[in-house]
Amino acid sequence: MKVGIDAGGTLIKIVQESQQGRSYETKLTTNISEVIAWLNANTFESISLTGGNAGVIAENLNVDATIFVEFDASSKGLGMLLKEQGHHIDEYIFANVGTGTSLHYFDGKQQRRVGGVGTGGGMIQGLGYLLSQITDYEALTNLAQSGDRDTIDLKVKHIYKDTEPPIPGELTAANFGNVLHNLDVDFSPANKLASVVGVVGEVITTMAITVARENKTENVVYIGSSFNNNPLLREVIEDYTVLRGFKPYYIENGAFSGALGAIYLN
């Protein structure tokens with residue numbers, strides 16, 4: 001059995017692979033001591049680590065482990081998952097949406113980091129808490145799914161009420177820009193959270209398609225743990241990517257790209 005671990009700032013992603021198959025598991029980074037104890041209590045053919053807390057795990061193991069650069073590991077694992085899921089694209093931007101978001105260009109041979117932005121799961125959870133007092137990510141994203149952004153976000157269609165707009169009416173003109181026009185409305189926690197997910201998704205997409213245009217590719221691949229239990233984020237990102245004329249790809253188990261890639265870089 002080989003094990004690959006991507007120890008991030010919020011979550012630890014674990015992939016185990018053998019001739020019998022592959023398994024995926026997630027642990028909170030606050031439980032890193034449990035992961036270390038589990039590794040020390042079992043025997044593995046190899047232990048491959050990546051992510052910001054990889055060093056913490058490695059220095060507490062009773063056996064040797066190999067640490068790989070997170071970006072290279074994610075690129076390797078993503079390439080495998082793309083092929084396994086039938087996506088045969090040679091070059092693309094990939095956005096790794098974790099606590100924050102890192103953007104990379106893959107040219108068919110290697111990845112190059114081309115940018116990043118502080119919006120991601122951390123903003124959803126942090127700003128989401130400030131607006132709703134909900135600390136649990138799953139409860140927060142569950143509530144966001146039922147929200148309506150129309151009374152909070154100002155869209156192009158709200159500005160061009162009686163005339164044909166020069167750009168698609170569903171585009172957001174100003175996130176949270178419709179609030180002062182609707183002060184007589186009860187802004188429910190669900191609507192607030194939906195708008196938080198909306199701004200996160202739109203900022204990530206805008207950054208991703210900007211670097212896609214700069215690198216002359218129409219393909220944008222989205223991975224990361226922020227999509228866990230968050231179909232609204234996926235919907236916002238995919239719809240906005242298409243609306244801007246690019247091709248979005250969402251990869252199942254994409255959050256485990258780093259852990260999987262670390263195994264195969266070893």
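For all residues, glycine too, the Cβ spot is worked out from N, Cα and C.
A quick note: this is a predicted structure, and the numbers were derived from the prediction, not measured.
Sequence annotations record features per position, and here Swiss-Prot assigns active site, proton acceptor to Glu70 based on sequence analysis. Here Swiss-Prot flags 6-13, Thr99, 121-125, Tyr137, Ser225 as ATP binding site.
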(message) Neighbour count, 10 Å Cβ-Cβ cut-off, for Gly8 (ATP binding site): what number do you get?
(response) 25
(request) Go through the binding-site residues Asp6, Ile124, Tyr137 and tell me which ones have a CA within 10 A of the CA of the residue listed as 'active site, proton acceptor'. (result) Asp6
(request) Note down the number of other Cβ atoms within 10 Å of the Cβ of Ile124 (ATP binding site), including every protein chain shown. (result) 26
(request) Using a 10 angstroms cut-off on Cβ to Cβ distances, just flag whichever of Ile12, Tyr137 is the loneliest among these binding-site residues. (result) Tyr137
(request) May I ask which residues of the same chain, at least 6 positions away in sequence, place their Cβ under 8 angstroms from the Cβ of Asp6 (ATP binding site)? (result) Ile12, Lys13, Thr50, Gly51, Glu70, Ala73, Ser74, Phe256, Ser257, Gly258, Ala259, Ala262
(request) With an 8 Å cut-off on Cβ-Cβ distance and a minimum sequence separation of at least 6, pull the same-chain contacts of Gly122 (ATP binding site), or say none. (result) Gly9, Thr10, Thr99, Gly100
(message) I need the least crowded one of these recorded positions (Thr10, Glu70, Thr99), counting other C-beta atoms within 10 angstroms of each C-beta.
(response) Thr10
